[in-house]
Every structure is written in structure tokens, then in C-alpha cells.
Amino acid sequence: MIIQILFLSSYLQQIQAFAPNAAVVGAMRNRRSADDGCSNYPTQSFSQGTTTHRNAFRFPFMTDDKVSVSSSRSTSQTIVEQYFAAWNKRNMDEAAACFTEDAEYNDTAFPQPLQGKEQIEKHLYRCAGAFPDTFKFVIDDLAVDRENGKIGAKWHVENGGEELPFTRGTSFYTLDLDSGLIQSGFDVVEPAVIKPGDAGLTLLSQAAKIIEQPVRIVPLVLWGAYMYVVFFSEGILPGANALVLEQRTWEEVLNLSLNFFLVAPILNLPFSPVVHPGLEGIFNLLLSWAAMFAGFLSDERDDKKNLMPMLPTVAGMQFLTSAFLLPYLGTRESETEDLEPVFVDDLGAVARAFESKAVGPFLGSVGLMSIVWAFVGRPEFGGFNERYSSLIDLLSIDRVGSSFLVDLAIFALFQGWLVDDDMTRRGVMQGEMNTLKAVAKYVPFFGMAAYLFLRPALPSKDLDLVGVDE
């Protein structure tokens, strides 16, 4: 038990745990000889298989005498209990004497294990100088394997007889069978006030993914930069940032939304607001491109859950585009090599709908119409030169419009990110249909539309059953 403590400040304000205490270390006495301290205790020789039973209770599945489990209230002490007792008395010479000369102690609060009795003793004295005398370690349970010289301890910390929160821990010790002294120790302490739980597992999972596929860090880093530049920066993009909440910005977003997919202006509906056709074209091209990612909804299935569910991600892309796309690409689960067949019947209703061959041509035509509209829509905005000049003037002061251009560039870079896994789900092996893959990855927008139309369909269980019957 190399000491580790995390607890509420109501018990002790800002203890600098494990902080070096030069005065204490400098005043360290010379270590006692091997005949002192724990060596003088009546320790049993584990090599002889001596048994220690101290009002022991036993787990139901333990039926032999090799392992005993006991409470710390026993009269005779194991070497571990002697070590705890010496620590609580702040007799660090005595505590260090419980270890062999070449002992190793791995305190998981520190980056490196302590090597050798001398390092352990110095560390113990540092701890003695950092904690008040009222702090005591209390052993709750011990598990003792006498034959193999192993002891497990469950413990907590008390202050003046009151248990401190978030100070439970477990330690595992291996003993030298000849001397009965501690050869190695390992501590694990309860997490502090904020317990990571599932969040900790999620972070570990994401870290493992990045280690396995370092390229994942690209969309994640870009997402951080995107969020800062588009929403919070000053001077990088024109216009005020999102925190200013300009009325003009919200009116522009509302007007563009009312002209979604250009339905209202083409039909000349009375509620259709007048917006620069170039900005309308950019906006609707971007939304049709974002909608194409719904063609990859099979990336999320019951047997393949992603950190960010795909359907909400695609829905969010209709409002915040790359703010949803980039973290999804960086955190999603990749298809495994032992992928089971993916059947269209196993997909949800929305995912099945976007498996239709019509999705690519339809959204491709919306994008093409948006480009044409930017050049010829709303004749009152003049010819090409005039509308181009006025669009540039608008974008030079408009945060929303300029962010659309950033999104178009990001979509062009990452539209092919999901293609390889999508082909794998469809039974296309590596090296097959390379031309279609290249078109999907490297031809912005229209390459993705073509891919959604030309890619192989997911198999159907019904068709497979028909083939079996025949």
C-alpha cells in the first residue's frame, strides 16, 4: 500500500498528496537492520505452508485450506497487516522493513513503479510528511494464499475515526517465500469525486481506435478547428461570430430555410423571401450533398453501434453540416474483417428507403439545379458578372455564407470516407470496382451521386431464400 488518497475538501483542504517533503526526507534516519522492524515480527514461513486462521470466514466456492479470507480484526497479523500498522504509526523504518531489498511497488498514481527497498522507504517518508497523523488505513478484508505467498487487501482511509469518501482501494502483494517479506505490491484506488464510468470506457475506446487507425485524428482535429473558426473566431471569417446573435444572421438563415431545395422560389409561392440566387444555390447544393450521406445509413446497425448514431448525425447535418459529419467520421466503428452478411431487411425503415437507386439521381439533380439557379435564377440580379460581383460583396461580410464555402470544401475532402466500408457490406472485395470507388471518392458531389446509383444493392433475405429453394 503506497499511499494514494482522493477525498472531499470538507475533510481536508487541498492536501498536496505525495508532494516531496524535503525536510522529512532530509531528516530520514538510517534504515534499521534486517533484524528490526517487520523482520522481528513472528512472520510465518510461506515455503512451509504454515496456515493462519483468524476467525476467518470463507467464500462458498473455496473448499480447501490453501486460501483463507479474513477480517482485519484478527489478533495475529500477516506481513501486510504489519506493514499497514507500521504506516499508521508513521514508523516508516518499520514499514520499509516489511519489504525485500529488491522489492518493486507499483503505485498506479505514479508513472513509474518504485524499484528497491531504498526507493520505497524514501517514498514512505514523503507520504508521512504529506498526511496528518489522524489519517489511518483500515483493512476491510484480506485474501491470503499461503502456499503461493500472495495476499490481497481491501481497504479504506479514515480521518479521526471517520471514513473519508472516495478513499477505498485494493492492493495485491506477492511475498518472498523464504523470508516472508513483501516482494512486490500493486495498488488500485477508487476514482475521485467525478467517476468516469462509461465516459472513461468511451474515451479509452476512442483512444484505441486512433492508435489502430491514426488517420481518424484528421477529422477530429479538423472538427475542433472548424467549430472555433466558424462559430467563435473573430477576423478569420467575415461577419460576427455566433455568440453575437445578430438579427440579420437569423433572418438570413430563416429565409434560406424557407427556400429549401428551391421549391418555394421556383413555384413562386407568396411566402418565398428574396435571397441572392448565388447564396441560395450554394445553400441548397450543400444540403443536397449532406442528404446524400443518408445513403450510408447501413453504417449503423444493431450489431454495429457507433458513438454517434448515424441517422441523427445525417439529420443534424441539415442544420450544422460539418459540425456533425466530422466527429462522426472520427469516432464511428469500422467494419470488421469477419463481417457477417448485411441484409437490407435488417435495416430500419429510413435506412431501407435511402438504399433506393433513386436517391443518387434525385439529390444529384437538386444539386445541379442549385448550380444553375445560382447563374440564372432571379433575373433581377442581372447577368453573370453582376451577380458574381454582388455575391462576393455579400460573402465578404456574411459569416453564414462564407461558412457554407468551408462546408463545401470539407464535404469534397471527406465524401469518400465511408465508401470502402460500404463496399465491404455489399460483398465487394478489395481490388474490385476500383473505378466506381475512385469516382465516389474524388469527384465532388456528382461522383457521390453516381456511386449511390451504381453501387451493388445489399442482399435481401427473401431473395436468398428463393435461391435456396431453386
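Any Cβ shown, glycine's included, is placed from N, Cα and C.
Since the structure is predicted, the reported quantities are computational estimates derived from the model, not experimental observations.
Now, the feature entries from TrEMBL:
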- 80-182: domain 'SnoaL-like' (DOMAIN)
- 1-17: signal peptide (SIGNAL)
- 220-244: transmembrane segment (TRANSMEM)
- 256-275: transmembrane segment (TRANSMEM)
- 281-298: transmembrane segment (TRANSMEM)
- 358-376: transmembrane segment (TRANSMEM)
- 397-418: transmembrane segment (TRANSMEM)
- 438-454: transmembrane segment (TRANSMEM)
The domain 'SnoaL-like' (80-182), counted residue by residue under DSSP: helix, strand, coil: 29 helix, 42 strand, 32 coil
Model confidence over the domain 'SnoaL-like' (80-182), averaged pLDDT: 92
Spatial neighbours of the transmembrane segment (358-376) not adjacent in sequence (6+ beyond its ends, CB under 8 Å) are 261-262, 265, 277-278, 280-285, 288-289, 291-292, 294-295, 384, 387, 445-446, 448-454
By Cβ distance under 8 Å, which residues at least 6 away from the ends of the transmembrane segment (281-298) in the same chain are close to it? 256, 259-262, 310-311, 313-314, 317-318, 321, 325, 342, 347-348, 350-351, 354-355, 359-360, 363-364, 366-367, 369-375, 377, 401, 404-405, 407-408, 411, 415, 418, 422, 425, 445, 448-449, 452, 458
Beyond the flanks of the transmembrane segment (438-454) by 6 or more, those residues with Cβ under 8 Å of it: 285, 289, 292, 295, 357, 359-361, 363-364, 367-368, 411-412, 415-416, 419
